[in-house]
Amino acid sequence: MKMKQIIATGFLITGVLFTTNSVYAQVGSTQVNETVDLTVQDDIENEEIIEELEDLENTDTAEVEDAAGITPDSFMYFFDQAAENLQLLFTTDSEKESDLLLQIVKERLLESEQMVEEEKDEYVNDLIDDYLGTLQKAQEEVAEVVADETIDNEVKEELSEELEESTTVTDEVSEKIDEDKREEFEEKQQEAYLVANVVKDLDNEKVKELRNQGFGFGEIVKIVSLAEESGKTEDEIVSLLQEGRGYGEVAKELNIAPSQIMGKVMKKKEKELEERLETAQESGDEEAILKLSTSLDNINRKKIEFKIYDEYMELEEEVKAELAEIQAALASGEITQEEADEKIAELKQESEEELAELKEDAEEDLGELDEEEREQAKEAREEAKEKREEERELEKEERKKEREAAKEKREKERELEKEKREEAREAAKEKREKEKELAKERREEEREAAKKERERNKELAKEKREQAKDKRGQEDDDEDDKDIDQDEDNENVEDEDEDED
């Protein structure tokens, strides 16, 4: 609930999470002429309080990047909603449906903000009705996903966070909500907040049992919370409800204030956020640190809000009781109308003084929180500055190291190049010397080969000469033999001639 709404509406607000209808005593035919006006007047005008508490609650936990799109002042808005309905109609997966419903919730809020900005307030309440209806559907679907043991925990956590963020409405939009809708608006918002933060820790069997009895997750959260706070069982709470009592009546009977449950949930949430923030700080995750720090700041503001709301509700109950006593005394004739008027005037003055004190307490608490946040912001800036300086120093050192490394690399490369050139020269020299040796060896081999060739040729020539000589001697012998043979032949012929003669 926005703090300025608490103060500005005086004591007309009767409940938030658990609705109870206030019944004022009627004094037969004798009416109290002066209506008790418990809003601060004169020194504490409502407008002044509203202005001073304008920035009380900073509930944005994440920046919604989506645009409002088509708004209800457009003829095409009908088709936009029809498209949404078709998407939902064809979406059967709980996880996807949860995500789609949450997107629609965000879009209704963005449309409301745009209508307020454009001063088209006549559309705001219808948009808020649509927002609340979709928010209730979304919380049921998200709860179904969270209760499903087969779905990844990261998905459950993401959807729960989105549901929680969807309970945040800007002050500008809240101011435009009709008074008769404001209580329902606050009740459903807080119910969704509880669903986002409580369902994940509920016993699945217990949830199934209550679901089988026809209770929605929003109702289940209330039943379990009332049971835990009162020490009764869920069955006992259900029995009280089945007797025709509302959640508000049951809570009142059990002496449980709505903010008591919310406070417990927020305390648990705060502890969880602090643990996650510590982990983020250890890992140096700047994005997570910023988001978690903002969430913690919002919870601190909500804690102050509920503390003041509790005190406000106590004051309202006291005033109602005293007013009822005055009315009863007037009706029974114990006091006159004049005395009743005096008592009412005194009661009014006392109420205004107590409300003024409540306002001062709120301002003091918020001032301390603001101062703390400023100190934290200052520390964060100083830490960021130190970190930037450290980063610059590290970058400077890194650049210096890089330059030195580059210089060392260049020198090393030059040395390597020099060594390579030396090695190349040595290799070339060795190659030349080796080639010279090889050439010398080849020449020696060639000379040896030539010498051997000459000697072989000499031997061959000598052999040829010997052969020629032998051949000539043989030929001479053959010639001689031939001559001898001829002579013999001639002699034989002569002998034959002689024989013939």
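Backbone N, Cα and C define each Cβ position, glycine as well.
Nobody curates TrEMBL annotations by hand; they come from automatic prediction.
These numbers come from a predicted model, not from an experiment.
Positions annotated as signal peptide by TrEMBL: 1-25.
Broken down by DSSP into helix, strand and coil, the domain 'DUF5667' (69-177) contains 81 helix, 0 strand, 28 coil. According to TrEMBL, the domain 'DUF5667' annotation covers 69-177.
Summarising the annotation, TrEMBL assigns coiled coil to 102-176.
Positions annotated as region 'Disordered' by TrEMBL: 331-501.
According to TrEMBL, the compositional bias 'Acidic residues' annotation covers 351-374 (among others).
Positions annotated as compositional bias 'Basic and acidic residues' by TrEMBL: 375-474. Helix, strand and coil counts under DSSP for the compositional bias 'Basic and acidic residues' (375-474) come to 100 helix, 0 strand, 0 coil.
According to TrEMBL, the compositional bias 'Acidic residues' annotation covers 475-501 (among others).
The residues of the compositional bias 'Acidic residues' (351-374), classed with DSSP into helix (H, G, I), strand (E, B) and coil, number 24 helix, 0 strand, 0 coil.
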